[in-house]
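Report on one structure; see the data block that follows.
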Amino acid sequence: MKILMVCLGNICRSPLAEGIMQHLADENGLGWDVDSAGTGRWHIGEAPDRRSIRAARNHGIDISKQVCRQFKRTDFDEFDHIFVMDRNNLSDVLDMARNEEQAAKVKLLLGDKVVPDPYYDDSLFEPVFELIENGCKDIIKGLR
Ligand code: 4NP
């Protein structure tokens, strides 16, 4: 199973989602491959935001080696499921889908709720970690 996590910048939320989901999948011996990307291009080539690296490290997960990349159309072919953080990500990714099969791969990570953008609020990184972790656990329950 190949899973892609998508947010706006690919430096705060989706790197956490990649790290958390890969960690949980490995722990459960699922053999899943998890990646992440951003709809925007500002941070291409950069490491995740220090605050996300710290939040993950506090929970025993190392995301410091990840490198930011932009979401691209071929991701629809490469991945089985594409999980987005908020409704802007959802419409940006769906706008790039070429058919119903591709569009059907795209869902909000939290089902009917959004993961708020923590970029301008340091206090949001820990709650965002927990939201994403709970979302990933639910997804594993649903897909395994
Ligand atoms: P992310 O957060 O989408 O969770 O990675 C953001 C990071 C950077 C920007 C916006 C959101 N930015 O505008 O540079």
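Backbone N, Cα and C define each Cβ position, glycine as well.
Note that TrEMBL annotation is computational and uncurated.
The domain 'Phosphotyrosine protein phosphatase I' (1-142) scores a mean pLDDT of 98 in the predicted structure. The domain 'Phosphotyrosine protein phosphatase I' annotation in TrEMBL covers 1-142.
The active site, nucleophile annotation in TrEMBL covers Cys7 (among others). In sequence order, Arg13, Ser14, Ala17, Ser36, Gly38, Thr39, Val84, Met85, Asp86, Asn89, Val115, Asp117 constitute the residues six or more apart from Cys7 (active site, nucleophile) in its chain with CB-CB distances below 8 Å. When secondary structure is read from DSSP and collapsed to three states, Cys7 (active site, nucleophile) falls in the strand class.
Feature annotation from TrEMBL assigns active site, nucleophile to Arg13 (among others). In the three-state DSSP scheme, Arg13 (active site, nucleophile) falls into the helix class. For Arg13 (active site, nucleophile), the count of additional Cβ atoms within 10 Å of its Cβ stands at 35 [all protein chains shown].
Around the Cβ of Asp117 (active site, proton donor), 18 further Cβ atoms fall within 10 Å across all displayed protein chains. In the three-state DSSP classification, Asp117 (active site, proton donor) falls within coil. The active site, proton donor annotation in TrEMBL covers Asp117.
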